[in-house]
Amino acid sequence: MALNFIWKIAGALADALHLPGFPKHKEPKFDKKKVTVIFVLGGTGAGKGTQCSLLVEKYNFSHLSTGDLLRAEQDRLDSQFGDLIRTHIREGEIVPMEVVVKLLENAMCAVLESKTGEGWGDGKGRFLVDGFPRKMDQALKFEEDVCTSSLVLFFTTNEETMLERLLERGKTSSRDDDNIESIKKRFATYKETTMPVIEHYEKSGKVAEVDSSPSVDEIHAVAAAAVAKVLT
Ligand code: AMP
C-alpha cells in the first residue's frame, strides 16, 4: 500500500516536471464527469437484484453483476479462467481481482458502444455495478484504472433473512453455491473481506445505507432518492 502510494506520488511529480524515464501517471479509462458508476453491495440474498431492476427501469442504467459476468466467463468454452472461477465460486471465495476488473472493464466498453437513451451517447453512461467491489484490492484497482465511483448503495438485512431467501432460491437456481455450506462460507467472506470496503467508502461519505427489510416499494424509494442525488 505504502509503496503504491509513493510510486503514484513519484509518477505525478514526474508528470508535472516532465521528467523522462518515469512511467506516466495514469488517468482512469473513463471520466467520472461522463460515466457514472454506482457500486451495489449487500450481503448475498439482500434483494439487490430486484432493486437493481427497478433502478434500471427508472434511470436507464446498465446493470452489470460481477457474479453474472464471472458465471458467463466460467461457462465460455475457451476461457482460460473457467476452472479458477468455478473453484472460487463453489468455495464462496473472492475471485482474483485481475480477472474481475478486466471482465468488468470489457463489459462496460461494450455497453458504452451500444447503449442509447437517457444518460447515454457521446461517451456518456451510467452503470450499476452489482456485487463489486468485494475486496479492497479490486476497489483500488478499479478506481485507478477504470473509473472513479460516485456512490456505494449498501443494502443491509440480517443473516437469517438472507439465509432463508437463498435457500428458497436454491430450490430453482441450479447454482453451485446456493447450498448451506457455500452460503455460510459466503457470509464469512463477506464479513472478513467486503465489510472493510464499505468502511473505506464510508470514510469518504460515499455510502448510502438502505435497510432491505421493508417492502420492495419502500426500499426502492430510499435507494432511488440516494441515486437521484448523484445523477443530478
Ligand atoms: P454473487 O452472484 O454476487 O452472489 O456472487 C457469486 C460468487 O461469485 C461469489 O461468492 C464469488 O465467488 C464470485 N464473485 C462475485 N462477484 C465477485 C467480485 N466482485 N470479486 C470476486 N469474486 C466475485
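Note: Cβ is positioned from N, Cα and C throughout, glycine not excepted.
Features as listed in TrEMBL:
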type: BINDING; residues: Gly45, Ala46, Gly47, Lys48, Gly49, Thr50, Arg169, Pro214; note: ATP binding site
type: BINDING; residues: Arg71, Glu93, Ile94, Val95, Gly131, Phe132, Pro133, Arg134, Gln138, Arg175, Arg186; note: ribonucleoside 5'-phosphate binding site
type: REGION; residues: 65-95; note: region 'NMPbind'
type: REGION; residues: 168-178; note: region 'LID'
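When the record's ribonucleoside 5'-phosphate-binding residues Arg71, Glu93, Ile94, Val95, Gly131, Phe132, Pro133, Arg134, Gln138, Arg175, Arg186 are compared pairwise by CA position, the greatest distance found is 24 Å.
Between the listed binding-site residues, namely Gly131, Pro133, Pro214, the fewest other CB atoms within 10 angstroms of a CB are found at Pro214. Note on the region 'LID' (168-178): residues 45, 86, 89-90, 92, 186 of its chain, located 6 or more positions outside it, place their CB under 8 angstroms from a CB of the stretch. With a CB cut-off of under 6 A applied against ligand 1, none of the binding-site residues Gly47, Arg169, Pro214 are retained.
When the binding-site residues Lys48, Arg71, Arg169, Arg186 are scored by other C-beta atoms within 10 Å, Lys48 scores highest.
Cα of Lys48 (ATP binding site) to Cα of Arg186 (ribonucleoside 5'-phosphate binding site): a distance of 16 Å. Taking a C-beta cut-off of under 8 angstroms and a sequence separation of 6 or more, Gln138 (ribonucleoside 5'-phosphate binding site) has the following same-chain neighbours: Met97, Val100, Val101, Phe132. Among the binding-site residues Arg71, Ile94, Gly131, Pro133, Arg186, the residue whose Cα lies closest in space to that of Thr50 (ATP binding site) is Gly131.
Note on Ile94 (ribonucleoside 5'-phosphate binding site): other Cβ atoms within 10 Å of its Cβ, all shown chains, come to 18.
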